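Copied from Swiss-Prot, the annotated features are:
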MOD_RES   S208  phosphoserine
COMPBIAS  228-242  compositional bias 'Gly residues'
DOMAIN    278-377  domain 'Fibronectin type-III 1'
DOMAIN    381-473  domain 'Fibronectin type-III 2'
MOD_RES   S393  phosphoserine
DOMAIN    477-570  domain 'Fibronectin type-III 3'
DOMAIN    574-669  domain 'Fibronectin type-III 4'
DOMAIN    673-765  domain 'Fibronectin type-III 5'
DOMAIN    766-859  domain 'Fibronectin type-III 6'
DOMAIN    871-957  domain 'Fibronectin type-III 7'
DOMAIN    958-1052  domain 'Fibronectin type-III 8'
DOMAIN    1056-1153  domain 'Fibronectin type-III 9'
MOD_RES   S1163  phosphoserine
TRANSMEM  1182-1202  transmembrane segment
Amino acid sequence: MYVTMMMTDQIPLELPPLLNGEVAMMPHLVNGDAAQQVILVQVNPGETFTIRAEDGTLQCIQGPAEVPMMSPNGSIPPIHVPPGYISQVIEDSTGVRRVVVTPQSPECYPPSYPSAMSPTHHLPPYLTHHPHFIHNSHTAYYPPVTGPGDMPPQFFPQHHLPHTIYGEQEIIPFYGMSTYITREDQYSKPPHKKLKDRQIDRQNRLNSPPSSIYKSSCTTVYNGYGKGHSGGSGGGGSGSGPGIKKTERRARSSPKSNDSDLQEYELEVKRVQDILSGIEKPQVSNIQARAVVLSWAPPVGLSCGPHSGLSFPYSYEVALSDKGRDGKYKIIYSGEELECNLKDLRPATDYHVRVYAMYNSVKGSCSEPVSFTTHSCAPECPFPPKLAHRSKSSLTLQWKAPIDNGSKITNYLLEWDEGKRNSGFRQCFFGSQKHCKLTKLCPAMGYTFRLAARNDIGTSGYSQEVVCYTLGNIPQMPSAPRLVRAGITWVTLQWSKPEGCSPEEVITYTLEIQEDENDNLFHPKYTGEDLTCTVKNLKRSTQYKFRLTASNTEGKSCPSEVLVCTTSPDRPGPPTRPLVKGPVTSHGFSVKWDPPKDNGGSEILKYLLEITDGNSEANQWEVAYSGSATEYTFTHLKPGTLYKLRACCISTGGHSQCSESLPVRTLSIAPGQCRPPRVLGRPKHKEVHLEWDVPASESGCEVSEYSVEMTEPEDVASEVYHGPELECTVGNLLPGTVYRFRVRALNDGGYGPYSDVSEITTAAGPPGQCKAPCISCTPDGCVLVGWESPDSSGADISEYRLEWGEDEESLELIYHGTDTRFEIRDLLPAAQYCCRLQAFNQAGAGPYSELVLCQTPASAPDPVSTLCVLEEEPLDAYPDSPSACLVLNWEEPCNNGSEILAYTIDLGDTSITVGNTTMHVMKDLLPETTYRIRIQAINEIGAGPFSQFIKAKTRPLPPLPPRLECAAAGPQSLKLKWGDSNSKTHAAEDIVYTLQLEDRNKRFISIYRGPSHTYKVQRLTEFTCYSFRIQAASEAGEGPFSETYTFSTTKSVPPTIKAPRVTQLEGNSCEILWETVPSMKGDPVNYILQVLVGRESEYKQVYKGEEATFQISGLQTNTDYRFRVCACRRCLDTSQELSGAFSPSAAFVLQRSEVMLTGDMGSLDDPKMKSMMPTDEQFAAIIVLGFATLSILFAFILQYFLMK
């Protein structure tokens, strides 16, 4: 049965809650008998359930929780209901009773059960915003259905709750909630979770009224901690507690009061936080070396009321620092106690500690830090001593000082075991030094030491034990190990201690083994201090060699003598199953068997062959053979009897198991003699068909097979048939030959006697296959073919046919007749031929002979068919001058079976022999000369015929380089010329010139290649020398380069200056200004100013100097003046002056009233100045425009006439 406590409003219970939300189990709940019924009260989130214990006290339980209660008689136990509320018991149709606690209000008494069970029905506004309620959900929430007595889901209507204002609140179900966040869980949240909760809390406080003003038990979120309020934490009935101030409960909440409620809530939280920050510094007591006791008092002003039942409803955090007052603190304790024991501290260390107080998720500031110093104590455990030096009778040890823990180390205690292991330790040194020397010790002895440190407070623990050895002698060679016992896969060895070693000396023994006879190396098998060893995983019946070495701290002895021992063999495996060897007769048979696959590692001494017959009872086996042979023949057995055989073997390893048995049955009596075979039909030339009858048999055993024997004319007998049939066909016979046949029968008893002989003659047939014909070559290039007569097959040969061809597919008949030889002529040299032969008689044609291959002898090469001169061969392919050489090329002719060795080139009066090549350069020829050339090939046989004559002419000599001259020199260019451009000879030869310039690296680079006789080199540097050379090339080739010519560029003239600017001054004067030109390569620049007055035709120079301005006085009014200026470069090295072009002219008119100046061509505003003469640039533009117009006009006229 389940009792669900449902609350439709927050209940301001004034009862003390349980500490940490734990549900106190009443004694009668735990110790009740089995007949009582358990009633489970489900406390929803944000609700409080109060019960009365047996002692009369009231206990408050916060939701979510499930409270089990015992009912002795099945009735609802008494539930404490606060004032203004009633408990209503509702029973559904299934008999399940539930308790609903509702306020005494008409609207809270629902007429129907579903309304009372609605999660948000008649809830005040502050409950709808509580984080333990789920908002904006479209899912209906029902109590957990765990039995047939639960309420049907239709009593829980689905509600669409208002939109939540909590962004990241955890969703908790309304019913069935049995776990919740306790105070300890909230305090143990990680920092990043706390920060996230703070952000959520700020949003909640800004968007919802605080639930604490209604004295609810909802969970508030502040400072990163969430905690459920207990009934008494919000202010008890007496109001004496220092908790959050109690306000009167309201039945409904109005949105207009939200701002005032939030301000009041924040003031309360601020007041609590200020009280928590006033906690006093903790008290330190019971200071020890590694522990201390801290205690503190709760902050003043927040003690609980008399109804709370709690003395200290706070939690505290203790922070510790060993880096000073302002160092980094670490939280070492978090809980609700007022005292904590700090352990694992460092002795003689200064510490600072401070405490924080927290109440209801509000954390105050830390207290004033208090300092303390742990006491000093005994030193730390030192490290083991180290061996500094040793001899045969002394050991020198040294060590480092451990941590003194606040008190200076006064002495060290060194103990040893005096070389007696496991006999206890005794003091061997006590003092303040950090080293100790022990003398009068035994050689090669191990001593165990341990160390402790002592100060004024006490003695430390002992260090780890360390073993040190004195020097000693290398052990003597030990005696060879002794074999104690040998097994199949193991041997046990034993040895003695080497002579001269004391009983206390520690000796390490290494047992080495040689496993492979081919490998002379010994491998270690055991290393230790024992005097015996069992070597395992060995091979059976195998010889091994062992030797022993002894070693101590001083070194290793020589190996002992070698012990040779052998492992024991294993018993052999069973032999193979016996097999019948030869035929089984009626009175005996032979059997054989193979040796066992596994002989156990030793030789097989003898085999036992056992036999039993099928009539024996209980399979009584008898030994029929005992010996070393692997086969045996049984005789005098009963015909037609079943026998079983098995074998076993014996070796030094033991007696093997028996093999599988072999059943063998003896044969019956052989059949009688058959009648002679007879011919069925007429004999053929290659086969006969025979048949015979079943022989008579007295034993009545069926014949299983027949055997037919044939005797050839050479008295060679062979079996031609073996099978159960009464007839057979014998083939591959010779035509016209007499054969003798006889037959015998076979059954289980063996073969019967042969029948009488039948003589049969085969019919005549075609001739047999001819032998391969013999081929021989004659000196005159003919081929002589001869052959022998084949077997006639009972009839004379009437004709031979010889076929000849280059391959098998091209064979043709070249001879037919009765002769046995034939001569073939007109064959190609070094050619491949083949032939075959066939014989004929009256019975038909015989088979062809084997194909015979033949190759005719080689001869002299054929004439060269293609001979030519390479005209387009590159000139640089051969170093010789093309005017004195010819490049010949030809195709290789047919060599007629012999590789070509050389070629002979005939030039008429001379001949040249070259190797096996298809190209040759004829050198040392006359320029511009015609030659008649022919060629022939030569091989080992001889020289072939000459090819046809060809005519070839050599090229003329290449031209000589012309003389190079400088036609014009400029500051950035040089115009070069060479040769005579009007010469007809040069034009006819079509000469190409290559002009090269020498760069800074003294290398010549080509700058021009072509037929022209002039070239202008541009982009040069002024007043610089350049070196050139030239080469002429024609169809005859490239000629030599000329000598080097050097030419120099001139200096640059100054650039043209823009038109000057004229400015009228006072009186009859003006000032002329022009732009300056920078110095050129260090040479200064002067300026020349000229003026043209009125209608004069020539300019007059009025100024020359380095200034860029000049003033002229004494001018006449209403007179046209034109000024122009040019720059003049004065060369310092040559005292030469280079003048540039004059600038455009600038017009100027001196007027009395208004002077109009211009620096441009015709840019004055005065009408009289506009009618002045145009400048030089305007004249040039007019001329260019006129020529362009005339050109376009003439082009239209020409196009018109051409189109017409």
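All residue numbers here begin at 1 and follow the chain in the order shown.
Quick reminder: no glycine exception, Cβ is built from N, Cα and C everywhere.
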- Query: Is it true that the domain 'Fibronectin type-III 6' (766-859) and the domain 'Fibronectin type-III 4' (574-669) have 3 or more Cβ pairs under 8 Å, skipping pairs fewer than 6 apart in sequence?
  - Reply: no
- Item | For the domain 'Fibronectin type-III 1' (278-377), residues assigned helix / strand / coil by DSSP | 0 helix, 40 strand, 60 coil
- Item | Neighbourhood of S393 (phosphoserine) by C-beta distance under 8 A, where only residues 6 or more apart in the same chain count | T439, K440, L441, C442, P443, T470
- Task: For the domain 'Fibronectin type-III 5' (673-765), give the DSSP counts of helix residues, strand residues and coil residues.
- Result: 0 helix, 40 strand, 53 coil
- Message: Can you break down the domain 'Fibronectin type-III 3' (477-570) into helix, strand and coil residue counts using DSSP?
- Response: 0 helix, 42 strand, 52 coil
- Average model confidence [pLDDT] within the domain 'Fibronectin type-III 3' (477-570): 90
- Could you count the residues of the domain 'Fibronectin type-III 6' (766-859) that DSSP puts in helix, in strand and in coil? 3 helix, 43 strand, 48 coil
